[in-house]
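The next block holds one structure in the form of structure tokens; read it before the comments.
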Amino acid sequence: MQGVDPTILALYKILDLIGVVLNGAIGGTIARQRNFDIIGFVFLAIFSALAGGMIRDTLMQRGTPAAIAQPSYMGFAILGALLALAVNLKGRKWELFKVHGDAVILGVWTVTGSIKALTYGMPAASAVFMGVLTAVGGGMIRDIAIGTIPSVFGGNTLYATPAITGAATMVVFHMMGLDAVGMIMGTVVGAGFAITAYWRGWVLPMNSEFAPVNMTAAQLRRMLKQAENKGRRAGLEAGATQGIAAGIARGAKIGSLRQRRRWRKELKKGELTRSELDRIIAQRLDQAHNPTTSPLSPAQGDPRTCDATGNIPDPDPGSGPDNRGNDTGRR
């Protein structure tokens, strides 16, 4: 590591071991919740505290993993398990301590994993991945061991995302030749991001139906369907409008509104038969289409008396409301 003060390295070594104890205790609390015995406490503690670093070192193939080569790591992980076995760690205070402490350790382990990969000459993307794997790999193995979906896969506040940002920060400063600054800034960024995500409840969006290609095709089909339905509605409306207009025009050719009402009344009273009305309507339509045709007359249509215009006069003009006064002469 380029120009890193031994004091900083010593501080990170201490924080690394504190993280091992804390994550060992977290694994122990999960073992208590699952009603495991002491073996379950120890194994979950080791998985939580050391599995991420062990997987990282195994993938890098740079000798024996540090968690096995240095017995202090295994000892501190078991210490965390025994602490969780002796003390029932629960409550709001423990929750706050666990979240904030684990966030700091997340930043530390992200930086140590990234800087170790960079030291062995790995590319930037691999260094970021190794940093994230170091930070979250232990929790993933622990969750798999107890038969649950790893919490980093979704549904929880951001954890892997802060690790990615912290590792990327470390890589950027390493490229600038500032490893010491990168270790500090990477830890601050990763830990700060994780703590902020916890308090604000930040989670990554989840949607099992999200598929841009499929969504585009579905949206296209939906748009075409909407256009087709709109065209059908417009056609029906246009047809209905034309039908109404044609009906109005046809009615105007047959006769006035008053005349048509009179025909309806006469049909109900039986004073006019349907065949007679059809004959009158046919004659009026023929006259409307052929204006040269002579006006309807009694001989051309209605067997009843018709006037020169084809209208049927009232059978008893004197019985109307305007002629009631003339009835006295008849009496």
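Every residue gets a Cβ built from N, Cα and C, even glycine.
As recorded in TrEMBL:
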type	residues	note
DOMAIN	14-86	domain 'Glycine transporter'
DOMAIN	102-174	domain 'Glycine transporter'
REGION	284-331	region 'Disordered'
TRANSMEM	6-26	transmembrane segment
TRANSMEM	38-55	transmembrane segment
TRANSMEM	67-87	transmembrane segment
TRANSMEM	124-141	transmembrane segment
TRANSMEM	153-174	transmembrane segment
TRANSMEM	180-199	transmembrane segment
Integer mean pLDDT for the domain 'Glycine transporter' (14-86): 94
Residue numbers, six or more beyond the limits of the transmembrane segment (153-174), whose CB comes under 8 Å of its CB atoms: 2, 103, 106-107, 110-111, 113-115, 118, 124, 127-132, 135-136, 139, 181-183, 185-187, 189-191, 193-194, 197-198, 201-204, 206
Spatial neighbours of the transmembrane segment (38-55) far in sequence, C-beta under 8 Å, 6+ residues away: 19-21, 23-28, 30-32, 65-68, 73-74, 76-78, 80-82, 84-85, 109, 113, 133-142, 145-146
Close approaches to the transmembrane segment (67-87) from elsewhere in its chain (Cβ under 8 angstroms; 6 or more beyond its ends): 17, 20-29, 31-32, 38, 41-42, 44-46, 48-50, 53-54, 57
Cβ contacts under 8 Å made by the transmembrane segment (6-26) with residues that lie 6+ beyond its boundaries: 45-46, 48-50, 72-73, 76-81, 83-84, 89, 98, 101-102, 104-105, 108-109, 111-112, 138-139, 180, 183-184
